[in-house]
Amino acid sequence: MKSLNRQTVSRFKKLSVPAAIMMILSTIISGIGTFLHYKEELMPSACANGWIQYDKHCYLDTNIKMSTDNAVYQCRKLRARLPRPDTRHLRVLFSIFYKDYWVSLKKTNDKWLDINNDKDIDISKLTNFKQLNSTTDAEACYIYKSGKLVKTVCKSTQSVLCVKKFYK
């Protein structure tokens, strides 16, 4: 095998430096392009378009009025739920959207339920417990209206706000 002389080796060294630089630049540029192409998958935003972010939750005004059953179904389709009656965000939501909206509280045969999951709710922990406890109706659903929970007929149509946690 024939060995290369010093001049040939020197030429290879001179040519390999620009080639290496071009390869490095090409790798960096393609990496940036790949990142920009897959940006949504790599770094998802906290809330999707149309949802409003507040305190680790995303809120959506559906701009639809419907009954509680349909409201729960609509929020589930969006992988969300109706706002809970015990959340401190109710007043903030009212000030943002400025409308009455369903909350996930329902009274059925002296049982208080979260209509998102049909689990029992201890209403003694709610701020307007005395007002709620005085309800004598066999069935009642609730909306948040001007700073308080207000009883209404479950089949009536009210505004629907959906809520979900970040990255869900």
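Count begins at 1; order follows the chain as displayed.
Glycine too: its Cβ is placed from the backbone N, Cα and C atoms.
Within the same chain, the residues at least 6 positions away from C75 (disulfide bond) whose Cβ sits under 8 Å from its Cβ are R81, L82, N116, V160, C162, V163, listed in sequence order. According to Swiss-Prot, the feature disulfide bond maps to C75-C162 (among others).
Around C154 (disulfide bond), the C-beta neighbours below 8 angstroms that are at least 6 residues distant in the chain are S67, T68, D69, K106, E139, A140, C141. For C141-C154 (among others), the entry in Swiss-Prot reads disulfide bond, with the evidence type similarity to another entry.
Among the features that Swiss-Prot reports, N-linked glycosylation site is placed at N133, with the record citing sequence analysis.
Annotated topological domain 'Intravirion' per Swiss-Prot: 1-14, in sequence order, evidence recorded as sequence analysis. Counting residues 6+ beyond its ends, the topological domain 'Intravirion' (1-14) has no Cβ neighbours under 8 Å in the same chain.
The topological domain 'Virion surface' annotation in Swiss-Prot covers 38-168. Here the topological domain 'Virion surface' (38-168) is broken down by DSSP into helix, strand and coil counts: 30 helix, 48 strand, 53 coil.
Taken from Swiss-Prot, the feature transmembrane segment applies to 15-37, supported by sequence analysis.
Of all the Cβ atoms in the protein chains shown, 24 others lie within 10 Å of the Cβ of C162 (disulfide bond).
Taking the Cβ of C141 (disulfide bond) as centre and 10 Å as the limit, one finds 26 other Cβ atoms among all the protein chains shown.
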